[in-house]
Amino acid sequence: MHTEDNGLKKEIGLLFALTLVIGTIIGSGVFMKPGAVLAYSGDSKMALFAWLLGGILTLAGGLTIAEIGTQIPKTGGLYTYLEEVYGEFWGFLCGWVQIIIYGPAIIGALGLYFGSLMANLFGWGSGLSKVIGIIAVLFLCVINIIGTKYGGFVQTLTTIGKLIPIACIIVFGLWKGDQHIFTAVNESISDMNFGAAILATLFAYDGWILLAALGGEMKNPEKLLPRAMTGGLLIVTAIYIFINFALLHILSANEIVTLGENATSTAATMLFGSIGGKLISVGIIVSIFGCLNGKVLSFPRVSFAMAERKQLPFAEKLSHVHPSFRTPWIAISFQIALALIMMLISNPDKLSEISIFMIYIFYVMAFFAVFILRKRAKGEKRAYSVPLYPFMPILAIAGSFFVLGSTLITDTMSCGLSILIGLAGLPVYYGMKKRKAS
């Protein structure tokens, strides 16, 4: 097993890790996606099956990464795993895409979305939405610099906060609803494509792997990582299935498809009156804020880990740990600075979508890594073994290939741009390698 002492405080326990998994996955998708998944599925049975299948594929990936993470319990997650298994080149490319485009783009997109929702809720006008988003990102930057435990407190609080409206809809929807759950969607409003339905659920489940980036700050990663990954993904899968059951008990399948992104707020209004719509709006805002905090907490650990290995310019600065807070404060500031630039001059949401193709290539490589590590350490005792081996890793690989294939067919240009983003890091990689050699 590979361990490290990077000077960061080991403050992450099971509750923090669980809320990080749940909080970084559940954003707006649980409120916005049911209509789209139902439209693609054609009927409620297939829609519920799509949510279940998406959860199973994600769980397979999570359990596979948990085995790798217990063998390489280091800060950096996916980047670190690829470097340890495939070498410095592939690790660098993975880290490059995450820190230059993917991470800051997701932080920026969530910040802008949060600002827009806050402005709409309080009637402040769209002109203030970007300012609110920037303030939120800066606030979370400061919180996570002054202590990982404070970021963890925000994560726990927002996870509980987002689960309250979800729980209300599930409980009261199943209790008070009077619709037949298993119904079909009219062909005139359906767009039958079960593959697209699964793809929509997989994107709604995305974000779970960010827990792995904090391996070096866990109190006992060998036990904690698999427990948090398994528990968190099972909870999220159950939430997604139950809220769809509840919606189908309140609204007909046709109504959910027709209402689209407004289906959940309409269902809440039917259950709780005019306050119901506000409840959902607040739930989405808290959800986005918690998701944003999880990204601010975890993405900078990749640039910190790369800087520790002298793979980035200004590595000495980026790998600096604050003497009092014991957090990678310069790495956090660097990632937030990139996110703020994207918020000001571009469309971060589109940038994150463009880079997703390369990220899934790295997912496939990480899932294959479990076979390589087992071969290297044949006969050695493992702290954790993925259950149903080799079925689970193969299932995870199949799910990732499905995402890659679907994305390649539906958005070929974005896939090409994604590859170019990865290749753009090559001059930096060879430049830093030459500098280290000299």
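Heads up, the Cβ atoms here are built off N, Cα and C, so glycines get one too.
Quick look at what Swiss-Prot annotates:
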{"type": "TOPO_DOM", "residues": "1-11", "note": "topological domain 'Cytoplasmic'"}
{"type": "TRANSMEM", "residues": "12-32", "note": "transmembrane segment"}
{"type": "TOPO_DOM", "residues": "33-45", "note": "topological domain 'Extracellular'"}
{"type": "TRANSMEM", "residues": "46-66", "note": "transmembrane segment"}
{"type": "TOPO_DOM", "residues": "67-98", "note": "topological domain 'Cytoplasmic'"}
{"type": "TRANSMEM", "residues": "99-119", "note": "transmembrane segment"}
{"type": "TOPO_DOM", "residues": "120-126", "note": "topological domain 'Extracellular'"}
{"type": "TRANSMEM", "residues": "127-147", "note": "transmembrane segment"}
{"type": "TOPO_DOM", "residues": "148-151", "note": "topological domain 'Cytoplasmic'"}
{"type": "TRANSMEM", "residues": "152-172", "note": "transmembrane segment"}
{"type": "TOPO_DOM", "residues": "173-193", "note": "topological domain 'Extracellular'"}
{"type": "TRANSMEM", "residues": "194-214", "note": "transmembrane segment"}
{"type": "TOPO_DOM", "residues": "215-230", "note": "topological domain 'Cytoplasmic'"}
{"type": "TRANSMEM", "residues": "231-251", "note": "transmembrane segment"}
{"type": "TOPO_DOM", "residues": "252-269", "note": "topological domain 'Extracellular'"}
{"type": "TRANSMEM", "residues": "270-290", "note": "transmembrane segment"}
{"type": "TOPO_DOM", "residues": "291-327", "note": "topological domain 'Cytoplasmic'"}
{"type": "TRANSMEM", "residues": "328-348", "note": "transmembrane segment"}
{"type": "TOPO_DOM", "residues": "349-352", "note": "topological domain 'Extracellular'"}
{"type": "TRANSMEM", "residues": "353-373", "note": "transmembrane segment"}
{"type": "TOPO_DOM", "residues": "374-388", "note": "topological domain 'Cytoplasmic'"}
{"type": "TRANSMEM", "residues": "389-409", "note": "transmembrane segment"}
{"type": "TRANSMEM", "residues": "412-432", "note": "transmembrane segment"}
{"type": "TOPO_DOM", "residues": "433-438", "note": "topological domain 'Cytoplasmic'"}
| So which of 46-66, 99-119, 127-147, 231-251, 270-290 is most in touch with the transmembrane segment (328-348), counting Cβ pairs under 8 Å? | 99-119
| said: DSSP-wise, what's the residue breakdown of the topological domain 'Cytoplasmic' (148-151) into helix, strand and coil? | reply: 4 helix, 0 strand, 0 coil
| query | Most CB pairs under 8 Å with the transmembrane segment (231-251): which of 99-119, 152-172, 270-290? | reply | 152-172
| query | Quick one: do the transmembrane segment (12-32) and the transmembrane segment (353-373) have at least 3 Cβ pairs under 8 Å, skipping pairs fewer than 6 apart in sequence? | reply | no
| said: Pairs of Cβ atoms less than 8 Å apart decide it: which stretch in 46-66, 152-172, 353-373, 389-409 has the most with the transmembrane segment (270-290)? | reply: 152-172
| task | Using a Cβ-Cβ cut-off of under 8 Å, list the residues of the same chain that are 6+ residues beyond the ends of the topological domain 'Cytoplasmic' (291-327) and lie near it. | result | 6-9, 20, 23-27, 74-80, 83, 88, 92, 95, 98-99, 103-104, 106-107, 110-111, 114, 136-137, 140-141, 143-148, 151-152, 154-155, 158, 207, 210-211, 213-214, 216-217, 334-336, 428-429, 432, 436
| By DSSP, what is the split of the topological domain 'Extracellular' (349-352) into helix, strand and coil residues? | 4 helix, 0 strand, 0 coil
| said: Restricting to the topological domain 'Cytoplasmic' (433-438), what is the model's mean pLDDT? | reply: 82
| field | Dominant neighbour of the transmembrane segment (127-147) in 46-66, 99-119, 194-214, 353-373, 412-432, by Cβ pairs under 8 Å | value | 99-119
| task | Would you kindly check 46-66, 194-214, 412-432 and say which stretch has the most C-beta pairs under 8 angstroms to the transmembrane segment (99-119)? | result | 412-432
